[in-house]
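A.B. asks: Residues or ranges marked as region 'Disordered' in Swiss-Prot: 1-22, 307-329, 361-442, 855-992. If you look up Swiss-Prot, you'll see 203-236 marked as domain 'WW 1'. Taken from Swiss-Prot, the feature domain 'WW 2' covers 244-277, and the record attributes it to sequence analysis. Swiss-Prot lists 361-386 with the feature compositional bias 'Polar residues'. Residues or ranges marked as domain 'FF 2' by Swiss-Prot on the basis of sequence analysis: 517-572. Residues or ranges marked as domain 'FF 3' in Swiss-Prot (evidence: sequence analysis): 585-639. According to Swiss-Prot, the domain 'FF 4' annotation covers 642-720. Positions annotated as domain 'FF 5' by Swiss-Prot, on the basis of sequence analysis: 724-780.
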């Protein structure tokens, strides 16, 4: 419990008549008050005595404490001062007390002031008028104290408003003796150095800053008092960790995804992990918040309180009525226009700046009202400023006395009560507070950071040989006189370093114990390993008899530890034996495999029963079991089979490479022949085979056992040529249409090349291929001309047949005379144009003239000639039948040969049908021409006998039948020709 901080809040009040009591270390330091009243005290009236009612004062958070205080009397001087104050009530009523928050709560108490139990002053009762007394007995002006828990913030003194009342020094009444009593009634408050103070914002400063958000979402802060704004968060609004981080170069930020990272504003570096420097300051801040508001960041309050208590106990015993303030009352600072005097030179206290509360002749002191109903009059000290400063400095100087002096003063001021009745904690706190007075260092320390100071303090603990089981009080007695004790300025830091040192010491001791125990284990294990007689089957009882005299066996005291190490050693021996057996077996297997590899008589198809006798002769075979030998032998045979398969696979791959090379060479030969024109799309395999069968390239590919044959490659090349020729033919057709070049039966190859030379590059196309395309196009042009000629012949015959139906047309008729007759006929007007119809008309008239002349000549021919003519006609009929049969045979022959000369654009069947139709059409044309000649001959023969009636009758009848038959044949031929025209139009592909 001595190592823990006491709660720095309100402590229970103890009666001053008890023995001397030291304040706990966590108590706030007392405050030095100097009261200089500015109002002339009245002399006629007496001051009212103190009420027996309990003294009440506002503590932390506004809680009113009821403290039992015995009735006492004031000094006679107080009566005179109060008399003057009653004489001038008008002036006193004008005095207004303005109470301002005084910062953090501070205890204004002096419980360690010793008051004799029998001491008392006469204090007659005087009725005090309600005139607004500015002291404790005046109007109930209750001081309000903020609930902040630190000393930071601005200290605002109470302001006195109203007219200033000037008086002379002789009008002031002193109510406290100016000797030792002055130090009793003026407790010292030692202000820490400015370097050690870390001011926290006051409640008023916190309300001055207002947080706002800009249009872009950024936060800024505005001060209502100074009318200034800033992007940076003010120190007054920072949290505990933010204030701690402000002492470092690192700053915490958050990424868009919420992760926290840390940025160093000096080195411009960022990291995802918290730097060690930030961790240290945050831990210190957290420890300070746990230990109390005065544990970190300011000088340790317990140290200041201890010094103040020491100074108070060192002073002689004063009047009991002059101990006025209680625990829990906050620090009250009263300032004046006078300058604060400097501290006494040569003072050994580390706290240099001491607050001295002074009041000038123009100011009045303000104290808290200790009751809500009845106020208690507390005397006000009146003395000169020089005397007060001197006494205050003496009090501060006395705080550095030795332990003996402090103890002596405490004993003198203690009241009745045995020493044994004091509690242990109070006694320990007293010892600690007394030993704390020795922290007056003659030398100052300077460290780069706090870690160095902690290391120095830990080195002090180490040099003092502080044990891991020591308490803080034990360590204090050993290290308090060392100058390194002041390396850490606050008691919280020293205790934290002390606890860390104890933890490190315990850890080091534990590590040392483990190392010593480990060495004993290793020695015992080494003893077992050195013994050759130990085997995996050795028993523990036998082991004990073997090593019972060995020092290493005795050093290990616990029987359980010995047996555990022995069992572990036996397990290791078993494991080593098993591993050794496995290694031996593995080595024997490897040697046996090498032996099998050296035997040339073992083949992939060898049998174990045939080679077993030959293998067992070798010693390497006898090292293994029979089953192991058989398994290894079978595995070796499988390896041989795999090797043989791999060899075959490699040979097969090499053969495939050779055959692929032969095919590539034959491909090159085909490409070469295509380039020279020896191989075209119409080349036949039998013809090509006769050319290449004697070449070595063909012989090489013919020897291939797999892959494509030479014929397959040839057919692929021909098929590719057909596709390329078809593309070339389409391209040339487009060029001819673009150039408007028409091929005719009389066109030559040179003319054809010239017409397409500008659009097609001939160096890339052999003339052989180009000649094939030209021949196909020329044949197509001839077929087209023949078709046009046949079409015109049919139209001529059709028109002539129509002209024969007109009776008005004779051999002497002319076109101009009968033009209206021909043009007026619908059938005639649809056939050709006018010039064509005129030409046909003139041809028909010429035919009539020839017939007329032939008839005239036939009249002169004798009868026997006509009979010969009839015989010739029969002979002509038989000849006609023979021609028909011959045409039919030619048709079949051409149909059989058509499959080799079919068009590349049409299927073979369609090409054969076309060739059949062509031969049929040619046969029909020959037949028609023969028939027409026969008809003409028949007509001429009848015309020759036109003089007889029978001949004339017969001629007229034949003429009508011939006309009807011709008309029917004409219609059939027109339908047939129309179908043929549709098949052979220019837009169709036609023959290749």
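For all residues, glycine too, the Cβ spot is worked out from N, Cα and C.
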A.B. asks: By DSSP, what is the split of the domain 'WW 2' (244-277) into helix, strand and coil residues?
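C.D. replies: Residue counts for the domain 'WW 2' (244-277) by secondary structure: 5 helix, 13 strand, 16 coil.
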A.B. asks: With DSSP helix as H/G/I and strand as E/B, how many residues of the domain 'FF 3' (585-639) fall in helix, strand and coil?
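C.D. replies: Grouping H, G, I as helix and E, B as strand yields 40 helix, 0 strand, 15 coil.
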A.B. asks: With DSSP as the reference, give the number of residues of the domain 'FF 2' (517-572) in helix, strand and coil.
C.D. replies: 41 helix, 0 strand, 15 coil
A.B. asks: Take the domain 'FF 5' (724-780) and count its residues per DSSP category (helix H/G/I, strand E/B, coil), listing them in that order.
C.D. replies: 41 helix, 0 strand, 16 coil
